[in-house]
Amino acid sequence: MHVSMKKLYTESAQFDNQLTELLHRDQPSENGVDELVAEVVATVRHRGDAALYIYTKKFDGFDAEARGLEVPQFRLHQALDAIPSKQRESLEYAVARVRAYHEHQQQESWQIAESDGTILGQKVTPMQRVGLYVPGGKATYPSSVIMNAVPAKVAGVKELIMVSPTPNGEFNDMVLAAAVLSGVDRVFRVGGAQAIAALAYGTETIPAVDKITGPGNIYVATAKKQVFGKVGIDMIAGPSEVLVIADDSVDPDWVAMDLFAQAEHDEIAQSILLTMDDVVAERVQQSINRLLPTMERADIIQQSLKNNGALIIADSRDALVSVADQIAAEHLEIFTQDAEQLAQDISHAGAIFIGPYSAESLGDYCAGPNHVLPTAGTARFSSPLGVYDFQKRTSIIQVSQAGAQSIGQHASVLARGESLTAHARSAEYRLQSEGD
Ligand SMILES: NC(=O)c1ccc[n+]([C@@H]2O[C@H](COP(=O)([O-])OP(=O)(O)OC[C@H]3O[C@@H](n4cnc5c(N)ncnc54)[C@H](O)[C@@H]3O)[C@@H](O)[C@H]2O)c1
Ligand SMILES: N[C@H](CO)Cc1c[nH]c[nH+]1
Ligand SMILES: [Zn+2]
C-alpha cells in the first residue's frame, strides 16, 4: 500500500489554480443535504420526541423509545468507575490542563467613571444553558467532550446538556466518564441533525438551549447553520486539517506521522506539507510510503492523502509565508530552524505548533488550548472555541444629571438629523435650561 502525494511548486504558472483546486473551498453544499436537514429540523420541531425516536432508529439503529433517550446519572458514574485507571488519570490530567489554560480567557466586567459622574461599563455574564454536540458516528471523541465542556464551566454556564449519537445504542464509557469529569449535567444519546434541532427547539425530553457548540459531520454542520438565530452557535468546524512547514532539521518520519494523524480522522480531512526544500518533500514522501502499511486506519489515511493531501515546494520564504496565509490552516505545525520567527510572520491559523516537539496530537488531547478550531480558511476571521464563546456582554450606561447635559445636547442634534423627533425630545427633556 502506498500513496503518491500531489506535488505543487509555487514557481509554476499554474500554482494559483492548483492551490485553489486543492483547497476546494466555496463549493456548493452536497446534493440534497440542505433539504434533508431542513426536513429533519422541521419534523423534530413539530413532533418532538416522536421524531427523535424515528430518526434515531433510522440513522443510529436503535429503539430510543424503548431504551430511553437520556443516559441516567447512575450510568454516567458507572462509566467513570468502569474505565481503566490509566484512562481516568489521563482524562483528569487533560481536564486539569484544559481548565488551567482556559482560565486565562476569563473576561471581566468593567466600569469607567467620567469626571461628571457618568458611569459606563460592560457586564459579562455566562449563558444559562448550553448544548454540546459530541460526534459519535465514525469515531468517539472523549477529548471533544472536554474541549467543549471545560471552557463552558470556566465561563460559569449554569447547565450543560450533551448530545451524542450512540450507534446501536451502545455507550462509550470513556465519553460518559469525560462528561462527568468535565461537569456536564445531562447526556442524551441522539445525534445528527435531529439532535441539533432538539437542542434548538426543545422536545418533551430534551430542554432547549441558548447556544450549541461542538463539531460534527455535514448533517450536524448544516443543521447548526439552519438553527442559527433561534440559538447561538460557535462555528462550523469542518473536517480536520494540518499544514506542516518543515526543513531538514526535523525527522521526516515525524512529519509523515503528523500528516497521518489528521488524515486518519476522515477521508475528507486535509494534510499538507509546505517546504522550501524538494529533498525534504521527497524524504517525507518516502516515510509516508514506508509507514502507511503499519497504520490501523491506513485506508482512510490513503484516501485522505490521495484526494486532499499535497507536498508544496515554495521557491522563497515570502512565497512560503504567503501560501501558509492563503491556506489559513486549522492546525499549523512549524518545524524549521526559524520556527519562532515564521510563527510571527504568518498571520492566519487556528493553532500554531512551534518546534518539532509540539506535535499537533498533543494539542488534540491535553496540551491545554482548545482543539475546536476554525477550519476551511475561516481562521482568517474566526478563533478557537474558548471561554468567550460561552459568555455574553451587556453594555452599562448610567448617566449623571451633569452628563445628560453634554451628551443630551449632541444626541438631540443627531436625532433631529435623522428626523427622529421622539428621540430628540427624550434627550431634550433631560436638558436643564439656563436658570434651572
Ligand atoms: N474540529 C474538531 O474539533 C473535530 C473534533 C472531532 C471530530 N471532528 C469531525 O467531526 C466529524 C464527525 O463525524 P461523524 O460522522 O463521525 O459523527 P457525527 O456525530 O457528526 O454524525 C453522526 C450522525 O450523522 C447522522 N447521519 C449519518 N448519515 C446520515 C445520512 N445519510 N442522512 C442523515 N443523517 C445522517 C446520523 O444522525 C448520525 O447519528 C468528522 O468529520 C471529524 O473529523 C472534528
Ligand atoms: N484533530 C481534531 C480537530 O481537528 C480533534 C481530535 C479529537 N481527537 C483527536 N483529534
Ligand atoms: Zn485530531
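Cβ from N, Cα, C; glycine included.
Record note: TrEMBL gives Ser240, Gln262, His265, His331, Glu418, His423 as substrate-binding, and the candidate from Asp185, Asp299, Asp364 in that site is Asp364. The secondary structure of Gln262 (substrate binding site), as reduced to three states from DSSP, is helical. Asn217 (NAD(+) binding site) sits 11 Å from Ser240 (substrate binding site), taking the Cα positions as reference.
Cα separation, Glu418 (substrate binding site) to Glu330 (active site, proton acceptor), rounded: 45 Å. Neighbour counts of Cβ atoms within 10 Å were compared across the binding-site residues Gln194, Asn217, Ser240, Gln262; the minimum falls on Asn217. For the recorded site, Asn217 (NAD(+) binding site), the DSSP three-state label reads coil.
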